[in-house]
2 protein chains.
Amino acid sequence: MKIKILGCYAATPRTITNPTSQVLEIKNHMFLIDCGEGTQVQLRKHKIKFSRIEHIFISHLHGDHFFGLIGLISTFMLLGREKDLHIYGPKGIKEAILLLLKLGNAYTSYGLYFHELKATASEVVFEDDKVKVSTIPLQHRVYTNGFLFEEKVTERPLNINAILNYDIDKVYYNKIKQGGAITLENGQQIPNDLLTFEPSAPKSYAFCSDTMYSEKIVPLLTNTTVLYHESTFLENEIDLAEKTMHSTAKQAAKIAKLAAVKHLLLGHYSTRYGDIELFKKEAQEIFDNVLLADDGLEFEF
Amino acid sequence: MKIKILGCYAATPRTITNPTSQVLEIKNHMFLIDCGEGTQVQLRKHKIKFSRIEHIFISHLHGDHFFGLIGLISTFMLLGREKDLHIYGPKGIKEAILLLLKLGNAYTSYGLYFHELKATASEVVFEDDKVKVSTIPLQHRVYTNGFLFEEKVTERPLNINAILNYDIDKVYYNKIKQGGAITLENGQQIPNDLLTFEPSAPKSYAFCSDTMYSEKIVPLLTNTTVLYHESTFLENEIDLAEKTMHSTAKQAAKIAKLAAVKHLLLGHYSTRYGDIELFKKEAQEIFDNVLLADDGLEFEF
C-alpha cells in the first residue's frame, strides 16, 4: 500500500505548496483522493499514468479539494481516454461538472459516472474482491466525508513444495487457498497450515480531511494501518480551529490514540506556519508514530 | 503598455507550459485576460499584486481559458479582498461561478460583478477617461470574443515654463490640455502648440484567441499597435486547424498584414511542436514584425 502526496496544504495554491490531492495505490488500484487546482500537473510531475486512475473520491466541495477536478476530466477527454471514470463526492458535484462541460460544448469520450453522496452515516461506496471503500462522515463547514480504504482478507498463499510433496490435485487448490484442510486418498488428514503460508495482514487507510475534532469517527477508524488526519492548526490556534471547523495536530493525535491506529499521517497545514516539524512535535506529545505528509512524498506500508 | 504572458499554450496544462492567461498593464490598469487553470499560481510566481486586478476578460468557456477563474475568485475571498471585481465573459459564466461558490457555501467578501456577453457584433464592454475596451467577435467552436484595448487620445501635456512666461491663470489649464488656444489680456493670441507638448500616440492591444482564420476582424484591428493572434498550428496542419477552428502561424500573419498592425505577437501553440521558433519563421514569410509569446515573458511597447 502506497500513498503519494500530490498536495497537502490548506486554503490556496502557491508556487511551492499545493492544495489537497493524494494517490492511494492499494491492491493494484490507483485511487485519487481529492483534487485541488493543479492536480493534473502534479500527476504529470510525478509521472502517474492518467489511465490508471479510474476512481476519484472527493471529500467536500471547497475549492482546495475540488477545483482541479473539471480540468482533469477535460484533459482526460482531450487525450481521448476511453476507460470509464467514477467520481464519488457530495451531492451537487455532478451538476457542477456537467454545467462546466456543457458551457464548453464538451462531451467526454469515456463513461463518466457520478456517485453522489448525501448520507450522514458511513456507507460502502466501492467494493470488489480485493478492496472495500466506505465513507467516514466528518464535521466541517459543508457536507464532508472522509474515506476508509480496506484491503479484504486475502487468500492464503499456497506452499507449492508441500502440495507437490503430498501429490494433491489442482482441483483442491482453491479450497486450500480458502483455508481448507485436505484428506488424502489414504485417509491421512493434512491441516491447512502445512499447505499454505500465513497471508499478510490486510491493510487499511483512512483519509480524514477536513474536519473539526470529533470522537464520533473513532469506531470507524479502530486499528486502521494509516490514519491521515488533517491538522490545519497548532494548539495555540485552537480558537481558529474551532471557528473554521478544522483540527489541531494535538487533536489529530488524540483521535489516532483513541482509535489505536498504527501510523498517524498529518497534513492540510495552514501556510501560516514556517516549519511543519512543529505539527509532528505537538502530535507526538500524545501519540508516538507520527508521519508528516508533504507535497511529493510517498509513503509505503 | 506592458503585456505579461502567464501562459500561452493550447489545450492542457503541463509541468512546463501553462494555459492561456495574460496581464495587460495599460494606463495604470492591470487587466487580466483569460484565466486557465493555475493562473493564480502564475500571478504569485510573477509577483503581480492581486489587489491591482479589478477587471478580468474571458474570451470563451473552454477550460484552458477559464478553469482558473473560480480558484482566483475563491482565493481573493480567502485573502479578505474588499475591492470590487468585474468579470467580462460569455453568457453562462455567472451561473457556473455562482454554482461553484454555492456548493462551497461561500460568499465573496467583495463585490463580484458579471458582465455577460452574447452579442455577435463588436461592443464596448469597459470605458473610462483613459481606456476603452471592446469585443472582437471571433469564430471558434463555442461563442468567443477577442478584446481590443485602446488608449484614448490623451490630453496634451502642459509646457509649464511657457505657461508661466505668459502668466496664464490656472483656470485655463484644462482648456489648454484639450488643445485650446489662449487670448491674453492684451489681446495677443497664443496658439496651443506654444503652450503644450505633443502627446504620445495612443497605443492599442488586440487579443485574439481562439479563432479560425477570418478576415471579418480586420477592420476592427486596423493599425493596432500589438495584435496577439493565436497560432495553434503550423501550415502543415492546416486541415487540423480548420477542423478545430484554430489558426496557423501563417494565417495569423495574414491578418496582421491585412490590418497593418505594428507588431504581431504569436501564441496558443499546440504542444506537439518542439520548437516555437518554427511559428515565427512561418509567420515572417508574410509579415516582418513577429514576436513569440512564451510563459513568463513580458513585452513593453
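The backbone N, Cα and C atoms fix where each Cβ goes, glycine too.
Curation does not apply to TrEMBL; its annotations are automatic.
Among A:D169, A:D193, A:D210, A:D239, the residue that TrEMBL places alongside A:H60, A:H62, A:H140 at the Zn(2+) 1 binding site is A:D210. Proximity to chain B (CB-CB distance below 8 Å) holds for A:H62 among the binding-site residues A:H62, A:H65, A:H140, A:H268.
Counting in whole angstrom, A:H62 (Zn(2+) 1 binding site) lies 13 from A:H268 (Zn(2+) 2 binding site) by their C-alpha atoms.
Listed in sequence order, the residues of the same chain lying 6 or more apart from A:H268 (Zn(2+) 2 binding site) and placing their CB within less than 8 Å of its CB are A:C8, A:Y9, A:A10, A:T20, A:S209, A:D210, A:E230, A:S231, A:T232, A:H246. Note: the CA-CA distance between A:H140 (Zn(2+) 1 binding site) and A:H65 (Zn(2+) 2 binding site) rounds to 13 Å. Other Cβ atoms within 10 Å of the Cβ of A:H65 (Zn(2+) 2 binding site) number 28 in total over all chains.
The Cβ of A:H60 (Zn(2+) 1 binding site) has A:F66, A:G89, A:P90, A:L138, A:H140, A:V142, A:Y143, A:T144, A:N145, A:D210 as same-chain neighbours under 8 Å, each 6 or more residues away in sequence.
Counting other Cβ atoms within 10 Å of each Cβ, the lowest count among the recorded positions A:D64, A:D210 belongs to A:D210.
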